[in-house]
Amino acid sequence: MAARNPGVEYDPSWFMDYKVNKPATFKRANELKTRRAVKKNYQIAWLLKAATCIDLTTLSGDDTFTNVQRLCYKAKHPIRRDLLEAVGMENRGLTVGAICVYPARVEDAAKALKQAGASHIPVASVATGFPAGQTHLKHRLVEISQAVDDGASEIDVVINRAYALAGNWQGVYDEVKQFRSACGPAHLKVILATGELGSLTTVYKASMVAMMAGADFIKTSTGKEGVNAILPVGLVMVRAIRDYYKKTGYKIGFKPAGGIRTAKDSCTWLALMKEELGNEWLTPKLFRIGASSLLGDIERQIFHNVTGCYAAHNELAMA
């Protein structure tokens, strides 16, 4: 297993003069959508890979133990067994990457996974006043510690957008460093809320600062912004990851989240990772997709590839 990113001392020279070429970035992002087509058995392989990288998510005000329990069962059995048998993958132990819930539902998720015999699937918790982050720092730190105590092994935190928009990168760094300390052994996924950062250059700077402060993953969005995971933003973030790796030797994970709903979308994001960072990043340890409805479409596409027809709603289990 690759060594965990310890972070580095704050050094604005790593990012302060960086400028993103917006037209070139959008051109490259559009190429990813149109240039690579994956068909037939290769498509099934890509979709199964995507399923293993999903952070299966429920972040609703009406979440209960029952729907968290259902989500956890789906996490253990993301694709119908007969479909896996048809493609020779029934004995590979395929699961999603993690379950992602609110802090108050972490104990429910841990309990449900244990009941399902799937305690090895990580529980991720959003924290730090998600999604806005507009609570006092001491409360955000307590929320992280409580989620870890309740059984979360991954924490998805939000950065202080007011600091980022004001160019107070030292402030962003200091807070994320405290979040990392509060996480202890739990892995830290830092949400940049890119739809609220104003420019691709700011996205790059926020990415670099989060990694310098000790992020294990950087994540595009909360899923609650007006603009969530889009390819140009993802391209800027993975290139920041590549730059950080070249400087430090530490591999940082990437998580697009929000608005990724179709199997075709998931293949495009996999292509981004493969072409920009290489096959080493095509693993749940370094790539996750935050989604709630995506898994259903992936399963429908696999059903179609195997049977030649599309599944009715009652033929696939709800996530």
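Yeah, the Cβs are placed from backbone N, Cα and C, and that goes for glycine too.
No curator has checked TrEMBL annotations; they are predicted automatically.
Annotated in TrEMBL:
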- Lys219: active site, schiff-base intermediate with acetaldehyde (ACT_SITE)
- Lys255: active site, proton donor/acceptor (ACT_SITE)
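With respect to their backbone Cα atoms, Lys255 (active site, proton donor/acceptor) and the residue listed as 'active site, schiff-base intermediate with acetaldehyde' stand 4 Å from each other. The Cβ of Lys219 (active site, schiff-base intermediate with acetaldehyde) lies under 8 Å from the Cβ of Asp156, Lys189, Val190, Ile191, Leu192, Phe254, Lys255, Pro256, Ala257, Gly290, each on the same chain and at least six residues away in sequence. For Lys255 (active site, proton donor/acceptor), the number of other Cβ atoms no farther than 10 Å from its own Cβ, over all displayed protein chains, is 28.
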